[in-house]
Amino acid sequence: LPLLLKATLLRLASGSYHPFYNGFYYNHVMNDDGNGQDKVDYLNGARLVVETSKDPVYSYNGANVTLPCHYRYEPEQGPKRKIRIKWSKLRDDYTKEQDVLVAIGKTYMAFGDFKGRAHIRQASRHEASLVISDVRLKDDGKYRCEVIDGLEDDSDVVDLQLQGIVFPYQPPRGQYRLNFHEAERVCQDQGAILANFNQLFQAWSEGLDWCNAGWLADGTVQYPIRLPRKPCGGVHLAPGIRSYGPRHRHLHRFDAFCFSSALKGEVFYLDRPAGMTLEEAKQSCQDAGAEIARVGQLYSAWKFAGLDRCNAGWLADGSVRYPIVTPRANCGPAEPGVRSFGFPSKGRFGVFCYRER
């Protein structure tokens, strides 16, 4: 790239510390006409307007997604010089932005985890849409599309939501054993990530009721209650998300709420007449060209693939569980869900395996 273009791209990439702008504040000048009212004079006689989707854009793990963004001038202008486009990912509190991509004309640069996965789609004259391939769980969130034309700029925000499921997780050691960083790791070990508040709220609205407090991605500790009861905040509190607020990420210990999305592959069940130990179960999955399934994969298969099996099976973390879509006699409670036998130190069971398609 020419030296000037490289310098411009680097300057755009480093301007993410402003919550809403990239440093180009001169999109209009204010002139006092003496009557106490400010008059707006746009520098080139036109107003730049950027628009994205007002509705969330839905996707899932491993898919490709396009975040729409278009811009226009009011009044419409003739051919102009190359504009600059910047995409960034927002935090929930809007205090920090993660650089995703910057572009000038057909030249662009993606950053961080988006390298090799993000590019600009410009199918029409005033399009600046962002294409993300191989969507990952942590791509979920709000994205800012910013267009800069000389001293003028405007931006708008689009919400990317992954279709997924939230599940509570306790390690084999028992309840409230995880600090924040350990909670992050155990979710990753189960093919998931720590859930954010919006994901937990969606799960609550779909029926999740869990009395144990767990970490969320923002470092807060919360739990969802559908049926108020004494051990869970009291019987007189309305249903909702109970919150302990931010906790110390090293010292305080709770459970975790993990988030997993739809799968690229399939989860299936294997068994032997006499059952299997955990090590035998792992080998059986390998012999079938698969691997022993993780907890997040079992939950995803239950929710999105309708996996319904009234037979307990080993999972990668040493737990024994089984998924029920249609409740029936001898298969646990009257509600659908993933049943758990905990982490048995002995016993012989079947196994749930996961295989990529």
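Yeah, the Cβs are placed from backbone N, Cα and C, and that goes for glycine too.
Pulled from TrEMBL:
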- 1-15: signal peptide (SIGNAL)
- 46-158: domain 'Ig-like' (DOMAIN)
- 165-260: domain 'Link' (DOMAIN)
- Cys211-Cys232: disulfide bond (DISULFID)
- 266-355: domain 'Link' (DOMAIN)
- Cys310-Cys331: disulfide bond (DISULFID)
Exercise for review: Using C-alpha atoms only, work out the spacing between Cys211 (disulfide bond) and Cys331 (disulfide bond) and round it to an integer in Å.
Suggested key: 23
Exercise for review: Give the distance between the Cα atoms of Cys331 (disulfide bond) and Cys232 (disulfide bond), rounded to the nearest whole Å.
Suggested key: 26
Exercise for review: Would you mind reading off the Cα separation of Cys232 (disulfide bond) from Cys310 (disulfide bond), to the nearest angstrom?
Suggested key: 30
Study note, to complete from the structure: All chains considered, the count of other Cβ atoms within 10 Å of the Cβ of Cys211 (disulfide bond) is 14
Check your understanding: Which is it, of Cys232, Cys310, Cys331: the one of these disulfide-bonded residues whose Cβ has the most other Cβ atoms within 10 Å?
Key -> Cys232
Check your understanding: Reported in the order helix, strand, coil, what are the DSSP residue counts of the domain 'Link' (165-260)?
Key -> 22 helix, 30 strand, 44 coil
Point to revise | DSSP-derived helix, strand and coil totals, residue by residue, for the domain 'Ig-like' (46-158) | key: 6 helix, 62 strand, 45 coil
